[in-house]
Every structure is written in C-alpha cells, then in structure tokens.
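Now, the feature entries from TrEMBL:
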type	residues	note
SIGNAL	1-19	signal peptide
DISULFID	CYS168-CYS207	disulfide bond
BINDING	ASN239, TRP389, ARG390, LEU391	cyanocob(III)alamin binding site
Amino acid sequence: MESPLIIFVLFLTTGLAFALYDIDDYDSPSSGEFGYGEESVPLRNADVCIPQPLGGVDWILSVRQPDYGWKEETHRAVIALAVNKWPNLAPQEVRQMELQLEVELTKSLLRNHTFSIHPNDLALYIHALIATGRNPRNFYGIDLVNQLLHMVRFSAYQVHPFLLLALCNSNAVPTSPLSFSQWMQQNHQVGRGNLEYAALALNAFECLKTLDYAVDERYLNEVRHSIASHQQMDGGFGNVYSTAIIVLALASAPDSLDWNKHQAVNYLRSKFTADVNMVSAYLIELALSSDRVRFIKDLHPNLILGPAPEKHDKDHYFVQYTVRVGEHPDVYFTISIKVPPKSNFFYIMNESAHHDAKFNFSAYFDQDGNPNIFSISNVPNDAEENLYWRLCLQTEVDHNRHNSTFRTVHGSPIHLTPNRDDHVIYWYRNSDCEES
C-alpha cells in the first residue's frame, strides 16, 4: 500500500513589537548648544539611525512569519519572490516557504467541506504552485486545475478574467469556446466595464493566444488602444493597482501602441514604498518583471502539467492530529494525514511520528496489550503536578465564532477510530478536555 499523504502544518503565532519614533517630537536647541550654566558645550550630531521605508520583496520578507509564511497571503508573497528569482535567499529558506505554501493550501482544502475555497484564491494557489515548479494538476493527487474548470464551466462569459488567466498558465482552456468581444460586451452590460477588469481580460486572452486559442486580433488591438488612452500625465492609470495590472496587460503590445511604458514603470517605482501592502507589492513586482516573465508559466516552461494519476486510495481520508502543551493556544503542532478507512489513532500516531519527530512518543503496554501514552515530544506525564497527556476529540466546531468544544477520550488511543476530517488533540494539561 502506498504511503499515506502527509502534509505538515505548523501553527506558530508570535507578536511583533514595533518601536515608533516621531522625529517631529524632537526640538533641537536653536543655538545648536546644550546649556550647562555659564558654560556650554557644542552640540554634536548624534548618529541616529532612521529606518528607511521598505517596498517590494524587501517589505515582503520583512513581514514574513516565523513559520516562513504570510498566512492567507502566502500565495501572493511566494509568486512575487519567485518572479524575482528568490533574491538573496538560501535554498533552505526557499524550501521552507514552499512547504508553508503547501500548508496554507492544504488548510484551505481541508476547510473546503464547510467553506468552499474562493475561485480567485484557488487561482492564486495554482499560480503559486506553478511559480515554484509544482504541477497544480497533481497536488498530492488532487487536480486543482480540474476543480477550477468545474467552477467556470457553467458561466463562461461571467467568469472573472483572472480565473481564465490561471487556466491558461496551467495550459488549460475553457471547455466552451469564448469570443473575446462577446465576453467584453456581456461583462460591460453587467457593470464590469472598468479599466482594471478590461486589463485583466486582455491579459487572459493574450495568454490564451499562446495556446493557439482563437482570439480576434483586431478587437484585441482595439482594447489595447482603449486602455492605453487612459494613461495620465504622471505615467500612471489612476492608482498603483490599476497601473500595475495595465502594465502587465500591455506587456505584449506592439511598439506602435501609443503609450509610455517607461513612464508607467517610473510611476510604479515612485509608489514602491508608499502605502505598501501585500497586494500592491505583489502587483508591482509582477509589473516590473513583465519584460522577463510575461506569464507565470514562463518561469518553468518545461514544467509538465499533466493530470494526476489515477488514485489507488480513493477511500482514504484526512485526519488532523495536534500536539498541544498547557494553556498556551498560540504554540502547537498539527499534522494532516491521509489514512485508510477504520484506522485507529495509535496507528495514526505512529505514522505521524514516522514523518515528523515532533510527534515522537513513548508508550507502555498493559496486560491486555493496549498501548498507553506516557510521553510525547520528550515531555513525560508528571503525576506530582497532575499533568498528563489527555486525548481530546474536537467537536461542535463553530466556524463563524472561531470556537469549538472538546470531549475527553478515555482509555488507549488504539480504541479511538477517527472519522473523516476529525481533529484529534493530545493535550498536556491538568484537567479534562471539557474544562478548557
């Protein structure tokens, strides 16, 4: 039997303290001297280090979390770094960020049975996997591209253009033929005729052309000219977001197009450190790299984007297992493991420990041959402090209020058989799980 799919999830949240220094609050002596009675000493300029504002990849790396991710923005951060060839990052760092991307995607897929993953988020994850040289058609046996195709097949002319771009970067095309002019006209009629939407659509259909998809070149050129005509005196197109999206869309435009790309790029550079957030940093980095990386798929032109192989573990399912110590909810370790049906939890513990040393444990067997846990991750039971590893099953999850209840499972873990998507916690504490 093939080894179960293992995805590691490390949740570490830390607080970041920022010291703010307002230089305007400092009143320097007008005479340039400090007074000391009758005599005075000339003031020497102190070497004050004033941090320079960051932008682009520097800012992205400055807000990276201890787990090497960016929470729900991990996909955008990874794409921005990948198009810049992972600047000044060691291979180990890059691998950690790639793994955290897998963790965030896995979490989204695991939540999919209660809250469906948003199509645009799925498209971003597809782009991020391609940017890291991974096949989104085979994410541990899951065909993400097929999922996206399923989402758009019933409403092709109403589908967001970014989804079409993600399909194209995966070398996939819409299942029903699309006319660019009809697509633009229908979306304009339902209030989607703004400049950014038109630029995203232009970019998507420019990409589809690379797959020999039939696109009316004359209409394509009309849209290019219409978008370019909105360039303002400062080189931008109203704001940094619109400008970056339009620079990407016009990257393939012929030299005869009447617009000033150099001025648009300078506009983006001038906004590099102003009001920085992940979306602006990500879009600017893509725009500044558009001459070299026209589409995300250009990062790995030889990437094989074939469908996932036929599954031999169709009946297997995911179980989440967490190790948690004391009353510190901010620090714990979680592993999501795909297991055969009717797997007991002792088997799941062994599989988890095999793949991650943080889940190593020690057990003794009673006279009936049942294993009993007395140490996990080198933390033993402490009878004097009444601290024991207590087996808890998470129940009644309220996703709207972000809380849940726990039930203590007494006896050996070999007698617990988790169901699909169950969350089991071994909690080192001095009371039963219900008292949390």
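Placed from the backbone N, Cα and C atoms, the Cβ positions cover glycine too.
In the three-state DSSP scheme, ARG390 (cyanocob(III)alamin binding site) is classed as strand.
Between the C-alpha atoms of CYS168 (disulfide bond) and TRP389 (cyanocob(III)alamin binding site), the distance comes to 50 Å. Here the CA atom of CYS207 (disulfide bond) lies 52 Å from the CA atom of LEU391 (cyanocob(III)alamin binding site). Put simply, CYS207 (disulfide bond) is 54 Å from ARG390 (cyanocob(III)alamin binding site) when counted between their Cα atoms.
Across the structure, TRP389 (cyanocob(III)alamin binding site) and CYS207 (disulfide bond) place their CA atoms 55 angstrom apart.
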